[in-house]
Each structure stands twice: as C-alpha cells, then as structure tokens.
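Some notes on the structure that comes next.
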Amino acid sequence: MAACATDTARELLCRDSRAAANLKLVSIFVIFATSVAGISSPVLLARLFHGKPVYDKAILIIKCFAAGVILSTSLVHVLPDAFTALADCQVASRHPWKDFPFSGLVTLIGVLTALLVDLAAASHVDGQGQGHRHGNYAPVGTGEELREAKKKSAEGGVELGGDCGSEITKAEELLKMKQRLVSQVLEIGIIFHSVIIGVTMGMSQNQCTIRPLVAALAFHQIFEGMGLGGCIAQAGFSFGTTAYMCFLFSVTTPMGIVLGMIIFSLTGYDDSSPNALILEGLLGSLSSGILIYMGLVDLIALDFFQSKLMNSESWLKKASFIALVLGSTSMSILALWA
C-alpha cells in the first residue's frame, strides 16, 4: 500500500491536462506518419523488385526481419505490459486477480485461438484442393519452387500436362490463400496491441509518461509496420486490399489516442483505475498470444524449415537469420523507452 501511495504522489506531480493534450495532438500526426513509412516501405520494395531474379530472396529476407520484429513485440513489449497491468497493486490486491496468473492464461487462450483459426483455414484450403498434400505447412514457402518447375518445363520445351499444370496452379492458389490468411490474422493481433497503446495514451494526463512515449512509439510503429508490411508484400494482395490494410494499420494507434481523449473528456475515466488496468492486461495478453503463435509457427518455422529456397542456399539462410536477429534486436531495444 505504501508503494501505491508513492506512485500516486509521483503521478500527481506530473499531471497537467493542457500539456498532455498538446503532446497527444503532436503524437497523432507523428505516429501516423511513421506508421505509413514503416508499413509501406517493404510493400514498395517488393513492387520494385517484382519480376526480378532477386525478388524471392528479397521477400524472404524482409519476412525474416518482420518475424523478428513481431516476436520481439509480443515477448518484450506486449506481454510484460500485460503482466505489469494485472500485477499493479490496485488489481493484485483483489480477488480473483491475486489468486491466479490470468496474464499467462489469457496468453495461452490467444495462442490456442490463433491455432484454431489456422486449423479452420487449413481445413478450408484442403477442401478446395482435394487429392493434394496440403497440410498447414506444405504450401507455404514453396512459391519459388512452383515457379521454378514452370520455368524448367518451358526451357526444356516440355508442355505441362493438364493434370500437372492444374496441380501447380492449384498449389499456387493455396499458397496465396495461406499467406493472405497469415497477414490478416497478424494484422488483427497487431491492431489489438495498437488500440491498447492508443487508448491508454489518450486517457493519460501524465506528461512525464507521454513525452518519452511519443518518440519511442514513432520508432515502434516503424518497425512493427515493417514487420506487417513484409507479410502483406509476400501475400500478393490486390492494390486496393494492400492500401486498405496499410491504411488500417496506420490509423489504428492515432484513432486509439483520439478515442482515449474522448473517453477521458466525457467520463473523466482514469487510465490507472483498476478496471482500466484489468482491461489493458487481458487484451494485451490475448494479442500477445496471437502474435507469439504467428511469429513462431506461421513465420519463423515455415521459412526456416519448409522453404526449399532457403535450404538450397547456405548464404541465404545465414542472411535470413541475421535479418531475424536484427528485427528482434531493433524492437527489443525500444523497450528501454516504450
């Protein structure tokens, strides 16, 4: 209880509604601009390299960097914040929050939910490609092999038979379906996280907390945007869908800030109240579970263990691992400030 009293006294010294409102208005434009820059850069790079010999390799390296960013986001940013929210003295002193580790439980629910979505999608994909080996892993990461088969057949003057050509076409379609599903589920998990960040910041009146958070969130959105953008680029969405997904990511955190400001102005709702902390902790744990599953299973495992392109060239595997480490490191360092 003494710790709670100390924290409250420190917060009162930093509370300034006018200064906090000015900082939040600046942060809306800064975070929107950095979000656009982060998510659009891998998409533009993919379009620049499309059709060139290095296209598949560039996409693979970008996606490995993205996987590192997403895994670090879930384990270093989202999950610790969720644990901290539910471990706050105002929450941890109540039943049932002091009796059970709900952060871990809800994270597990997030992982199982992502798995359930993956299994349902795999069943749907299998239903559309009867007579082929699809599974959750087989189609993903094999686009380069399918294109290589077509190329070799054309170079050798061999015309693909009806069944063989149809099989390759169906496999390519299944590959794209899986990649698009991964991108969409990943965006859902990131949006949960972004809304929590935005609303929490919007409701806060603590200028000591907001000031360093603006700069940290700007870099945070760049790296997280690059992570999601890399997956969107590989999925090969239409221009309209790609633009919509990029726009949705870019506006989620700024709109969360605006929503938080509106909630506070209408209700005077305190972001440090027990109910706000419980909501933040539960949503953060759920989104963390989704991101952990997507990062490990749908990104890292598939690229490093299922991609024949990566396994056929040792330098590419090393470059991909370095990209993974760089993505993880970049996002982890930001935990010092946000």
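Even glycines carry a Cβ here, placed using N, Cα and C.
Residues or ranges marked as transmembrane segment in TrEMBL: 25-46, 58-80, 100-121, 185-204, 210-232, 244-266, 286-307, 319-337.
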*Between the stretches 100-121, 210-232, 319-337, which one has more Cβ pairs under 8 Å with the transmembrane segment (286-307) than any other?*
100-121
*Contacting positions for the transmembrane segment (58-80) when only residues 6+ beyond its ends and CB under 8 Å are counted*: 42, 45-46, 49, 103, 107, 186, 190, 193, 220, 223-224, 226-231, 233-234, 284-285, 287-289, 291-292, 294-296, 299-300, 303, 307, 309-310, 316, 319-321, 323-332, 334-335, 338
*Short question: which residues 6 or more past the ends of the transmembrane segment (244-266) have a Cβ under 8 Å from it?*
21, 24, 27-29, 31-32, 35-36, 39-40, 43, 183-184, 187, 190-191, 194-205, 217, 221, 225, 228-229, 232, 237
*Sort out for me which stretch, of 25-46, 100-121, 185-204, has the most Cβ pairs below 8 angstroms to the transmembrane segment (210-232).*
25-46
*Mind checking which residues reach the transmembrane segment (25-46)? Cβ under 8 Å, same chain, six or more beyond either end.*
55, 58-59, 62, 66, 201, 210, 213-214, 217-219, 221-226, 228-230, 232-234, 242, 246, 249-251, 253-254, 257-258
